[in-house]
Amino acid sequence: METMILTREDVESLIRMDEAMNAVEEAFKLYALGKAKMPPKVYLEFENGDLRAMPAHLMGYAGIKWVNSHPSNPERGLPTVMALMILNSPETGFPLAVMDATYMTSLRTGAAGGVAAKYLARKDSRVFGFVGCGIQAYFQLEALRRVFKIEEVKAYDIREEAASRFVKYCGEKDISASARSIEDVCRCDVLVTATPSREPVVKAEWIEKGTHINAIGADAAGKQELDFEILKKAKIVVDDLEQAKHGGEINVAISRGVIKVEDIHATLGEVVAGLKTGRESEEEITIFDSTGLAIQDVAVAKIVYENALKSNRGIKIEFFRI
Ligand SMILES: NC(=O)c1ccc[n+]([C@@H]2O[C@H](COP(=O)([O-])OP(=O)(O)OC[C@H]3O[C@@H](n4cnc5c(N)ncnc54)[C@H](O)[C@@H]3O)[C@@H](O)[C@H]2O)c1
C-alpha cells in the first residue's frame, strides 16, 4: 500500500479558500456537537523555539500536524513556522498521506476568521481594518472577501513596507485600500489583529460600538494584542476554551484576573451549531479569539487528500511492504 506525498506546491493547487472555509465551518460544528476528537496540543520546548504535536479525528480521517515555531529562524534564512501533516485512516491507522502543512496552517487560520466574522460581524460590514500586515493578513482578507462586500481596507503595520505591500495587493483585487494610523485603522466594521505582540496594541477608545474583531495574533502564553478594557466590554467567542485560556487573546487577562472563564460567551463551534447565539445587536462589540485547532488542519487535509486522489497529483511511496 502506498502513501501519498504532497509538497507545498501540490497543496496550494489542491484547495481553494471557499473549500477550506466550508471544511473549517463543519469542523467547528462537529467538535461542538461532540463528533470530533481533539486531545490537547503537546509542546516540546527548546531554548530558541518549540515543536507542537496537534492530533485530531473527524470526518472519517485522523491526522497529526507536527509544527515548529522558531522566531529567530529568519536570521538563518529559514521560515519561523514549518509544518507537516500525517493523515491516517482511523480504521486501520494506515498513513494515507504526508503533506506540507505550512500553507494549510495559514489557509485554515484565514478560513476560521472568515467563518467567525460570518456569524459575529454585522452583515452590512463594509470597512475592514488590519493591524499587522504579514502573511496572515492576506489569508484573512481572502476569507473575509468571500463573506462580505468589502468597500474599504485600512492597513497599519509597524513596518511601513508591510502595510504598503498589503495595500498594493488589495488594489490588485479591486479593493480600495490605504495605509493609515493605527487609531484610524481601528475605526472600522471588522478589525483583524495579526501581530506577534506581547503588549496590547489596540486601545479601547479606538473601538466603536458594533465592531467585530478577529484576534488572530495571540496563539501562545503571554501574547496579547487588545487592551483589557476591550475584553471587558465585548462578547468573546473562542475557538477552544482550553487553548484560549492558555495561549489565546484572553490568556493574559484570565491569568491576571481581569476577566473570568465565565465571561467567555461561547466557542465558535457552539455558535455555528446554533447551541449559543452569535451577534445579537448592531451595537455589541464581538471578538473571535483564534488559537488554531487541529480539527481545522485535519478538515482541510481531508479536502487536499481527496482532491489529490481525483486529480492524481502527488508522489506515491511504499514506506513499508505489506
Ligand atoms: N490563531 C492562529 O491560528 C494563528 C495562525 C497563524 C499565525 N498566528 C499568529 O498570528 C501572528 C501573525 O502571523 P503572521 O504569519 O502573519 O506573521 P508575520 O510575521 O508574517 O506578520 C506579522 C506582522 O505584524 C507586524 N507587527 C509586529 N508587531 C506589530 C505591532 N505592534 N503593530 C503592528 N504591526 C506589528 C510585523 O511587522 C509583521 O508584518 C503571529 O503571532 C502568529 O503566531 C496565529
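Each residue, glycine too, has its Cβ placed from N, Cα and C.
Bear in mind that TrEMBL entries carry predicted annotations, made automatically and left uncurated.
Annotation comment: TrEMBL describes Lys65 as active site, proton donor/acceptor. Under the three-state DSSP scheme, Lys65 (active site, proton donor/acceptor) falls in the strand class. Close to Lys65 (active site, proton donor/acceptor) in the fold, though at least 6 residues off in sequence, lie Arg52, Ala53, Met54, Ala83, Leu84, Met85, Ala101, Met104, Thr105, Ala294, Asp297, each with a CB less than 8 Å from its CB.
The NAD(+) binding site annotation in TrEMBL covers Arg108, Ile135, Gln136, Asp157, Ile158, Arg159, Gly217, Ala218, Asp219, Lys223, Ser290. Secondary structure at Asp219 (NAD(+) binding site), taken from DSSP and collapsed to helix, strand or coil, is coil. The Cβ neighbour count for Asp219 (NAD(+) binding site), using a 10 Å radius and every protein chain shown, is 21.
Its Cβ placed at the centre, Ile158 (NAD(+) binding site) has 13 other Cβ atoms within 10 Å. Taking all protein chains in view, 29 other C-beta atoms sit within 10 angstroms of the C-beta of Arg108 (NAD(+) binding site).
The number of other CB atoms found within 10 A of the CB of Ser290 (NAD(+) binding site), across every protein chain shown, is 29.
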